[in-house]
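*Asks:* Encoded as structure tokens, here's the structure I'll be asking about.
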């Protein structure tokens, strides 16, 4: 059987082989051409049953005078026998049959037949005895899931018979697809039939039948066969097939070897034959396309970035483009895959908010902290997903914004300025500049962002994620120190006791008596004589410290090796996420199970790691979520007033740093938008560069007035969001990889994620059971996944691979290797420069350097 690749029934007769590329003998193709030239050919035959088809095929034989009525009846009876198909069974069915019918196969005398056609007179039932049970079996056949929608069946019947002296050949094309009962393994309409019967001839007919089947699975020959009006048209189609044939010399290849299907097949349009005039125009079109590809930013030069020449023209066009899709943006999110994306990105966003909130608190004396980060992320993200042009984008605080906040707070402290008021005016100016950029269609400059810039920026953000996750894990050694001095042989000398020093117990009494100018009842010396035992037994560490005592002993600083188990949870989560994500392409379990596991890979990894942590019961650092809705710093409120704390001229001077922040926001937002709207993601609802920038600019006003962090598109988390919403074809031919269909574009996942962020304050009792090392492992997974999605990493590997072992990449066929290495080295050098720059106080000019 064939869909795209050949499958054979193995010699044992119990199962189908793995799909493979069919290998034909050249002689079988020549014999097939002869059969088509001399045999019966019926084109656009009107018939409703298989019996009617056979009757017309036998009566239309060109040498019918040689076919005696007895031979014709014998051939008709033979062709109308009920075929026996090789069923496609699940593992459970095979185990059940093994238990109930252990005596199966040739050793027990069970007949085995060719799945294409059973030619033995005693091996089949008459076709008129077809029961409804067989049709039900066709509908229940698991192989049906592999057949693409709208497919038709073609039948090739070949065999050897003793009563024929010459071969009988017939090629039949029905005018309309007709269901031919049990002739097919699954219930499908049939259009083409090929019959070849003849006297015994070793393997000749079988190979000719395979050649015919391969022709019928070829897309170009199918087109010719459907449109052919005469026999010559069909022969011409076969000649075209032979022109593209590639012959492997004998002795250079094992004919019994099965060629595995390739990862991807060339599109059939590249094989379409054209005449000379068409070929010339086609060549000119290729040259024009090549010229277009050579222009900078060609992959983003769509209608979204064309200038209209009118104020807010690009914004209005974005709104008109996105408005028709607004309803489907909610209905398309009603899919189980979206649930896994929500849970995955929610946990990643929570971790990111806590991380950046803690760093903001350290940099701004808690003027902005974890709670402000949670509320700001929830509000800004929800509004953005509700109105933005690309709702798959996830907003978050970013490293460059954090650096600016730190510098701004230091400047305010040094010059006795109110930090939040100064920041409010900067935010208002940034919002104004952003609206000006939207009005003047400045986003059209995005078309000049090339792969060089995109990959450098994406690699930098991915490396920051990887670096921060590793840095956080290494910092655990400070909070939970590793006990390098512990020796098992000295365990008897390790102890820790609580010492309640008498002075700490009597100091309050002595202080009170001294304040009243009364002599103490006992002198210090006499108290020394009557001092009680200072060693308190049974007190915990916390109780001892609360009573004013202190810990004495060699094991007081000992903690279980939390750092080790934390690293095990960290590495286990990362490896589990990676392995389960790739489970989709594994060989284990049915496709539905593999897809489900892959969709929920991150959630399953987190649940497994949390379960291990709960079973062990060690005090690993847990996710701490604020439980009260009040500012982190009590000295500030929820509304920042623009006047009162700073001089009046601050509102004007704020425009200067606002220019730098505007550049930062524009570059960070638009580079991320360019990466998310690449053509390879096959987005069908279009982009909204101007609308996205307007939403971010207006959100700057609200977050500045409320003293919440500023937000912009988060590259790595947004890429992870899109990857978690990948759509692939549900039906694929055996041996064919599922086709990438695009991204599940909708607004629902983002809205639910940020609603959960808002209610996280009330979910603290549940979230506190999630270990932070597990979430850091998810961070590492996101960084590595984003890094693997860019070509830069593949080209960087080429620097270490000898030329003869390098993979067969398309650009290596057309670009000299030294030019590839020069391009890669320049990218890596710029990436290193950006990394050094962001690590210094000059990080404020990071967007300009990009």
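Glycine is no exception: its Cβ is also placed from the backbone N, Cα and C atoms.
Note that TrEMBL annotation is computational and uncurated.
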*Asks:* Could you check which of 522-550, 638-666 is flagged in TrEMBL as transmembrane segment?
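*Replies:* Result: 638-666 is the stretch TrEMBL calls transmembrane segment.
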*Asks:* Looking at 200-252, 253-305, 306-358, I want to know which stretch TrEMBL calls region 'Disordered'.
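*Replies:* The range carrying the region 'Disordered' annotation in TrEMBL is 253-305.
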*Asks:* According to TrEMBL, which of these ranges is transmembrane segment: 774-793, 794-813?
*Replies:* 774-793
*Asks:* Across the domain 'Band 3 cytoplasmic' (1-255), what does the mean pLDDT come to, as a whole number?
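*Replies:* In the predicted model, the domain 'Band 3 cytoplasmic' (1-255) has a mean pLDDT of 76.
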